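First the structure, in the form of structure tokens, and then the observations on it.
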Amino acid sequence: MGREPFNLKNLEMRIINNKKDAIQELKRISSRTNSENNNKINLIVEEILQEVKTYGDIAVEKYTKKFDGFNPDPMQISEDHLKDAWDEIDSNLKRSLEVAHKRIKKFHEKEIPQSFTIKGEHGDTVQRRWRPVKNAGIYIPGGRAAYPSTVLMNAIPAKVAGVEEIIMVSPGNKEGEINKTVLAAAHLSGIKKVFRIGGAQAIGALAFGTNQINKVDVITGPGNIYVTTAKKLIYGSTGIDSLAGPSEILVIADETAQSTHIASDLLAQAEHDPLASSILLTTSKNQAKEVLEELYKKIDDHPRKEICMQSIKNWGLIVICENYELCIELSNNFAPEHLEILALDSKKILEGIENAGAIFLGKWTPEAVGDYLAGPNHTLPTSGNSRFSGSLGVETFMKNTSIIEFNEESLKVNSLDIINLAESEGLHSHANSVKIRFED
């Protein structure tokens with residue numbers, strides 16, 4: 001028992017067939033971003049944020065030149081340019097964006113939290129009132145790929161929530177240009193303000209405000225380690241959605257699942273990033289070997305071969321499990337961002353799942369469906385955070401307020417209990433604030 005060393009040509013991927021080793025390996029993968037460099041990155045980001053806070057646009061331009069290699073002047077992309085981008089993209093792509101927009105909007109409209117009022121028997125009322133934040137900033141990554149889907153997934157719930165002003169930031173390429181499809185998605189989503197800046201300096205601009213960029217109440221959207229660190233450091237004075245780590249998928253499968261489907265779905269994560277993680281929990285030893293073979297075939301001529309190889313080699317894993325119960329236990333411990341269930345009794349497995357950002361059931365539901373147009377948000381908790389949090393949604397862009405109104409009768413009826421509780425905490429002025437209202 002223990003590890004079976006597998007080395008298929010240049011592809012290395014761990015196969016484990018016992019619970020103890022599986023738990024240790026999943027723990028290692030989950031903590032893959034806990035680097036010794038984190039303190040160094042914190043210091044760099046703190047300096048950037050402080051400069052942006054002090055010098056505003058000048059600091060933003062400085063760091064954009066330094067890290068992105070272009071002068072972002074002018075910083076804002078005009079609304080006409082956004083409209084031009086929409087007009088210029090392929091008609092088929094335009095249709096696909098519209099289909100995705102419609103489905104995502106329909107789902108998020110169901111998420112709108114409802115205000116409510118409870119009336120007490122003595123005339124008191126208590127209310128929960130929901131209101132949108134005034135403005136929000138959304139960060140759209142550049143770099144290895146363009147993500148128009150991320151524009152939709154961040155902008156649509158903000159729009160549905162009723163946010164008055166949405167400011168989008170995204171790093172330009174060396175020529176200072178943002179991908180045309182990303183700009184088209186911004187136009188479709190009704191975004192008026194787009195700035196071609198990225199990195200920690202963009203987060204600082206949104207958090208503190210500059211002459212050109214208004215300070216926002218909430219910042220959402222994924223980014224690299226510098227963006228994530230900046231969001232962590234400004235949290236408390238500005239709201240954020242989450243601290244996104246590298247993408248991850250966990251597939252639970254049995255012998256009925258097709259190995260070529262599994263391999264394709266694992267690679268769909270691996271191609272994102274060298275730190276992306278692709279994990280298979282299977283009840284079939286033969287399937288484990290077949291999936292490895294399929295991975296090699298598909299990676300060999302993949303346009304992002306090197307990224308896939310690094311991801312699979314360092315953060316890929318196959319675990320051969322005795323039964324569904326072990327698959328469920330290991331999955332819940334790992335708490336994946338994306339969970340696919342490709343098994344004959346997928347609904348039974350689903351009943352045991354407690355921790356997952358999003359769950360994809362059956363052979364006709366590859367994770368890519370959720371990435372683009374199923375409707376639920378694709379901004380999901382990573383690094384085990386689905387144990388206590390969920391996806392980005394309409395509530396991310398809203399806040400609630402409690403409204404309380406007592407009359408003389410309701411305060412009198414409840415006064416003794418309020419006084420008793422206040423005095424038990426030694427807060428006598430609290431108690432007196434009730435007593436004094438009934439003194440002659």
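Glycine too: its Cβ is placed from the backbone N, Cα and C atoms.
Note that the structure is predicted; figures quoted are calculated from it, not measured.
Features of the protein shown, as given by Swiss-Prot:
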type: BINDING; residues: TYR139, GLN201, ASN224; note: NAD(+) binding site
type: BINDING; residues: SER247, GLN269, HIS272, HIS338, ASP371, GLU425, HIS430; note: substrate binding site
type: BINDING; residues: GLN269, HIS272, ASP371, HIS430; note: Zn(2+) binding site
type: ACT_SITE; residues: GLU337; note: active site, proton acceptor
type: ACT_SITE; residues: HIS338; note: active site, proton acceptor
Taking residues TYR139, GLN201, ASN224, which bind NAD(+) in the record, the widest Cα spacing (Å, whole number): 13
Rounded Cα separation (Å) that holds between ASP371 (substrate binding site) and GLU337 (active site, proton acceptor): 12
Most Cβ neighbours inside 10 Å, all chains, among the binding-site residues ASN224, GLN269: GLN269
Rounded to the nearest Å - Cα separation of GLN201 (NAD(+) binding site) and SER247 (substrate binding site): 23
Farthest-apart CA atoms of SER247, GLN269, HIS272, HIS338, ASP371, GLU425, HIS430, residues recorded for substrate, distance in Å: 56
Alpha-carbon distance [ASN224 (NAD(+) binding site); HIS272 (substrate binding site)] in Å: 12
DSSP three-state assignment for HIS338 (substrate binding site): strand
Sparsest Cβ surroundings (other CB atoms within 10 Å) among the recorded positions GLU337, GLU425: GLU425
Neighbourhood of HIS430 (substrate binding site) by C-beta distance under 8 A, where only residues 6 or more apart in the same chain count: ILE418, ALA422
CB-centroid shell, 8 A cutoff, NAD(+) site TYR139, GLN201, ASN224, site residues removed: PRO141, VAL169, PRO171, GLY198, GLY199, ALA200, ALA202, ILE203, GLY223, TYR226, VAL227, ALA230
GLN201 (NAD(+) binding site), number of other Cβ atoms within 10 Å: 31
Whole-number Å value for how far GLN269 (substrate binding site) lies from TYR139 (NAD(+) binding site) (Cα to Cα): 21
Fewest other C-beta atoms within 10 angstroms, as judged across HIS272, HIS338, which are the binding-site residues: HIS272
Secondary structure at TYR139 (NAD(+) binding site), reduced by DSSP to three states: strand
